[in-house]
Amino acid sequence: MRSHKLLFLIFLILYFIAGISLLITGSVAHRHASQFSHITGYSLISGAGFIIALGVIIIVLTALGLIGAYKNRLNLLKIFIVSLVIILLLQLIAAIVAFTLRNKAKDQLHTELKESLTDYKNGNENTITEWNRLQQKWSCCGVDKTDDWKNYTKDGKPPSSCCPNNDCTQPMVNGTVYFDRGCYESASNLFFQYSKALGGVSIFFFFIEIAGLGLAIFLLRDLKNNYGSV
């Protein structure tokens, strides 16, 4: 029983660290996504919120498992096992949904960016601020190309944020004063980078959690054999 308990405690420590990591990662992702939520929509924020929620659940679940293992409480270990099974199922469902809807999410991102140009034209301050921040940060202009702005600014020209350091007087290597890459490409790349990273982490956690589930079941069996109902 001691070996199972020791391995289970080691798993809980690693699981707690994983929960903290997810909480921090989700918080950072949420902060970055919230800077552009008015023009990219709330899909990135929702994904970050899911990561934060998962991190919190893991931390709480780790505490539950630690108390159950340390004090030999069968009821707490049973709750831990059931909760871990539910988390595994939710992760599996989330992975399947994310994989199935990945192209739809990409199209939705493009639509959100296009529609936000109208808000920019109508003088929405949040949208103007976010577009200017987006174009400067990612060195991009418009949704797909510079010409996207011709119907959404007073003079038909891209805003100054389409130029390096907001200076549209100095031509760049491409021969123009404007960034030659659309912001959808940058936003899409960022979206899929987060998706790939989250997918890889989820797969890693999935197998770790299965191992932890097995250890919890073995420990529960040992406690039943040695203590009965505690």
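Quick reminder: no glycine exception, Cβ is built from N, Cα and C everywhere.
The transmembrane segment feature in TrEMBL is assigned to 6-29 (among others). Counting only same-chain residues 6+ beyond the ends of the transmembrane segment (6-29), those with a CB under 8 A from a CB of the stretch are 44, 47-59, 61-62, 65-66, 69-70, 194, 201, 205, 208-209, 211-212, 215-216, 218-219.
Taken from TrEMBL, the feature transmembrane segment covers 41-67 (among others).
Per TrEMBL, the feature transmembrane segment maps to 79-101 (among others). Beyond the ends of the transmembrane segment (79-101), by six or more residues, the same chain brings 50, 54, 57-58, 61, 64-65, 68, 195, 198-199, 202-203, 205-206, 209-210, 212-213, 216-217, 220 to within a C-beta distance below 8 angstroms of the stretch.
Here the Cβ of Cys140 (disulfide bond) has 24 other Cβ atoms within 10 Å, regardless of which shown protein chain they belong to. The disulfide bond annotation in TrEMBL covers Cys140-Cys183 (among others).
Annotation for Cys141 (disulfide bond): spatial neighbours Gln135, Asp148, Trp149, Pro158, Cys162, Tyr178, Phe179, Asp180, Arg181, Gly182, Cys183, criterion Cβ-Cβ under 8 Å with sequence separation of six or more. Per TrEMBL, disulfide bond is recorded for Cys141-Cys163 (among others).
Marked as transmembrane segment by TrEMBL: 197-220 (among others).
It is Cys183 that, of the disulfide-bonded residues Cys163, Cys183, has its Cβ surrounded by the most other Cβ atoms within 10 Å.
Between the alpha carbons (Cα) of Cys140 (disulfide bond) and Cys163 (disulfide bond) lies a span of roughly 9 Å.
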